[in-house]
Ligand code: IPM
Ligand code: MN
């Protein structure tokens, strides 16, 4: 477990409370190791994720992560030094981000409809790999590049995962989001890959949207999406928008999944460390609790995962407009999970 920065420790505490409630009375051995990663460690030692940390983390089945990032650390140091190395080194190539508008949750949209889709965001490639550089920095002639890396291997495995997810859903529909009219190299690799993989899934339909059009549809007709598959950066942007339309970032859960199980998968709320409200008991732990649900599902405890999600849904329906502290929400969810 990596509690991390800002509100990370607060929401992780509630997540673990709910995990304990979910596995109570079940014959599930549970043991957590706390990894000190993030701003405090960097300030104290200058270290980010070390090889020793990584080796120790690999000994675990799954990782729960709170949030990484702090304004006292230069932008990019912790993201490029902790979070992304975890995703990359542990080959978490599927960044799974479901969006559901639970009854009782308020969408900023007048007519949101019945939102229930999942974004399958690629997690180990794209513009996130750090392939680029800068020349003549600070001069009027500065040149900066961030070259998006898309491999046939990497695209195919995440596309296949998305189609597989679609087979287990009612609508069985995949939407590829990219920008192949401009990003012709990567875009056409994605398009061709989807065309080829779709042949293997005759029961799944698919369509294509340019990312700019997808951002419009996300606010005009989000309920029409079922499974979206897209690259790392488009997926990052689109899932924040998805969270916003489906009840807010306080409810957005995610899994950084290594489907081949060659290394641990990692579950984390989509929100960041929110330093402005850290330490005040104001953060909503629901996204972390939903991430616990995804974690349980990944480990094969589908019944417990369902209980966790039902608890969050029931809480959304019942909570009204009362302001509750982080631990009050955690207590309420744990009580519902216990049933
Ligand atoms: C997310 C975050 C990260 C990302 C940052 C913190 C590196 O925004 O998990 O969506 O861009 O993937
Ligand atoms: Mn993001």
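Placed from the backbone N, Cα and C atoms, the Cβ positions cover glycine too.
These figures come from a predicted structure and were not determined experimentally.
Taken from TrEMBL as is:
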| type | residues | note |
| --- | --- | --- |
| DOMAIN | 1-333 | domain 'Isopropylmalate dehydrogenase-like' |
| BINDING | 87, 97, 121, 212 | substrate binding site |
| SITE | 128 | site 'Important for catalysis' |
| SITE | 179 | site 'Important for catalysis' |
| BINDING | 212, 236, 240 | Mg(2+) binding site |
| BINDING | 272, 273, 274, 275, 276, 277, 278, 279, 280, 281, 282, 283, 284 | NAD(+) binding site |
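The recorded positions shown are 87, 97, 128, 240; of these, the one with its CA atom nearest the CA of residue 274 (NAD(+) binding site) is 240.
Each residue contributes its Cα atom, and for residue 236 (Mg(2+) binding site) and residue 276 (NAD(+) binding site) those atoms are 22 Å apart. If you draw a 10 Å sphere around the CB of residue 272 (NAD(+) binding site), it holds 19 other CB atoms from the protein chains shown. Residue 240 (Mg(2+) binding site) sits 18 Å from residue 179 (site 'Important for catalysis'), taking the Cα positions as reference. Proximity of the recorded positions 128, 236, 280, 284 to ligand 1, judged by a Cβ distance under 6 angstroms to any of its atoms, singles out 236 in sequence order.
For ligand 2, the binding-site residues lying close by, meaning a CB under 6 A from one of its atoms, are 236; the full candidate list was 97, 121, 236, 274.
Across the fold, the C-alpha of residue 272 (NAD(+) binding site) and the C-alpha of residue 212 (substrate binding site) stand 24 Å from each other. When secondary structure is read from DSSP and collapsed to three states, residue 282 (NAD(+) binding site) falls in the coil class. Taking the Cα atom of each, residue 276 (NAD(+) binding site) and residue 87 (substrate binding site) are about 26 angstrom apart.
The Cβ of residue 282 (NAD(+) binding site) lies under 8 Å from the Cβ of 325, 326, each of which sits 6+ residues away along the same chain. Residue 121 (substrate binding site) is 32 Å away from residue 280 (NAD(+) binding site) when you measure Cα to Cα.
Within the same chain, the residues at least 6 positions away from residue 121 (substrate binding site) whose Cβ sits under 8 Å from its Cβ are 94, 95, 96, 97, 230, 231, 232, 234, 235, 236, 238, 239, listed in sequence order. Ranking the binding-site residues 236, 240 by C-beta neighbours within 10 Å puts 236 at the top.
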